[in-house]
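Peer 1: Residues or ranges marked as domain 'ABC transmembrane type-1' in TrEMBL: B:65-266. Per TrEMBL, transmembrane segment is recorded for B:20-42, B:63-89, B:109-129, B:141-161, B:193-213, B:220-242, B:248-271.
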Amino acid sequence: MNAMTEFADDQSIALGAPVGVTIENVAKDFGDSPALHGVSLDVHAGELVALLGPSGSGKTTLLRILAGLEAPSSGRVLFGGEDTLGLPVQDRNIGFVFQHYALFRHMTVFDNIAFGLTVRRRRDRPASAEIRRRVLHLLDLVQLSGFEKRYPAQLSGGQRQRVALARALAIEPRLLLLDEPFGALDAQVRRDLRRWLREIHDRTGHTTFFVTHDQEEALELADRIVVMSKGRIEQVGSADDIYDRPASPFVFSFIGESSLLPVEITDGTVLVDGAPSGLSFGETGTRPATLGFRPHDVTLVSDDGPAIRGRVVAERRHGARRRLELQVGPKQLRAEIDVEVEASRAIGSLVAFQPERWRIFPA
Amino acid sequence: MTATAISAWRKPSVIPGFGLALGFTLAYLSLIVLIPLGGLVLRTVGMGWPQFLAIALDPRTLAALRLSFGASAIAAAVNTVFGLIVAWVLVRYDFPGRKIVDAVVDLPFALPTAVAGIALTAIYAPNGWVGQYASAFGIKIAYTPVGVFIALVFIGLPFVVRTVQPVLEDMDREVEEMAATLGAQRWTTVRRVVLPTLVPALLTGFALAFARAVGEYGSVIFIAGNIPYVSEIAPLLIVIRLTEFNYAAATAVASIMLALSFVLLFAINLLQAWSRRRLSHG
């Protein structure tokens, strides 16, 4: 799967022209519990977008609304400017891929991929020779040539997911929707399939949404990342945007490793647990806030100056460095910092440090 | 049996008690199933071919067997279709009274068959609730093969419902959603995706309903009218022969039923194994 060099003639994978997608104030309630609170998003044609968030953040619900598998309680979804309200799932022409493949297990690989073509009304249905040509071509694209007579149970997880993708591509979708597509696969296969999906996207140009809770996957694959939490969009942006310029403490803590400490800002000074931390934030007046920093962005400082102080409660090897888990202040707030191996401290000892790079989020 | 003797019989397993469990199974099966049936076959063999053929080819015997197996097959087929629909409704829809309907399905299991037979006769007899309207159109239900068929449908229904229901409950809804996103209309999805995965369960339900119907006695004899050559079922013929002290004829008919049932159930089992293999290929 790594030798992804040749795609013979990808122009022949005919496409429904990729469409831009506009999501306007989409909300969804399941009974009493709201799953989405008025979400809005604009995605242009051909974009690869990751919906990233923890479970329960509403990302899968949003994907299912795009597919037409759920109806929004309010709001609109437009494909290329056309309102999809009342457009049944069958007529949306979207390619959907489920985490657990959802292959038709009584059908061969060939019949699985051909399904979307063979269920068309007679006048829209390609001739069987044409169906065969397309299926074999898709099998070639997903590198499963020669597997057409197998049954799903005879394939590995990665192979099944590639069949599922070929099946979704067979109907020439306007939009490709992937729900945790690599969630059920082991690490190595995930990485291969991820790179391979990126290549397929670059060649076929589908507007693609994929749902994931794996930030690494989202950062690596997507043009734009939509970070979601509790039914709301926290931030939309490139990998750099959300990593370097997180819009909220949630995004900061969800993307990458981080420590968050509640602080108070008094006349430009950041107070941690009432004591000056040596950090200043240009603002007058007094207000509470949240300080965020990455464990690898800190330096140890001498104990007599302003600093954040914590007691070491645990330490472990972390790559080339050593990670200390600290208890800060009497409220026993947790923070993690990385130090050089030789600078490591014993459990129970006091450590003074300052973040080199940090962010203040209003509380 | 020593450990080595057992290990020659089976693959190693961490589950203990193979010897004991198999021994018990064989002893139990022998006592309850094989010895009585063996006795039956032995008696039949004892009577010799000419006498056996004379009984077997007797028109009254043939008519009874044809009715028993024919009506059972049709009833099981009808039950397969309607049992599937009942199971579908119970699994896929939530409506007030669903639990009650679910419980009603089991009634044919629990009701004494004679009670069912009398009730059915009362309803379908020419002066009964339903029978009076049918007879107005010149259709006779009770005391004809149609009556036999209705009784067999009644007692066979729960078998299909109860075998299909759990499979339907376990069915992955994503597969149907997938078919919809690929453009399949609802009926196409049911026909090409749902039904094929239900085939093994439907076959099992058919086999159970059929087997039950072939052996059914109590509910049929009241509504059938038991007219020789017309509405007399094979199990009843056996009882009649017994009351005539004609044990040879009784055992002969019984043996034929046994052989036919075995062949049919075996064939259904093969079909089932084949369809199951197709589903869980590997």
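Quick reminder: no glycine exception, Cβ is built from N, Cα and C everywhere.
Annotations in TrEMBL come from automatic prediction, not curation.
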Peer 1: With the transmembrane segment (B:141-161) as the reference, which stretch in B:20-42, B:63-89, B:109-129, B:220-242, B:248-271 has the largest tally of C-beta pairs below 8 Å?
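Peer 2: Most contacts with the transmembrane segment (B:141-161): B:63-89.
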Peer 1: What parts of the chain pack near the transmembrane segment (B:20-42), using Cβ distances under 8 Å and only residues at least 6 beyond its ends?
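Peer 2: Those are 251, 254-255, 258, in sequence order.
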Peer 1: Looking at B:63-89, B:220-242, B:248-271, which one has the highest count of Cβ pairs under 8 angstroms to the transmembrane segment (B:109-129)?
Peer 2: B:220-242
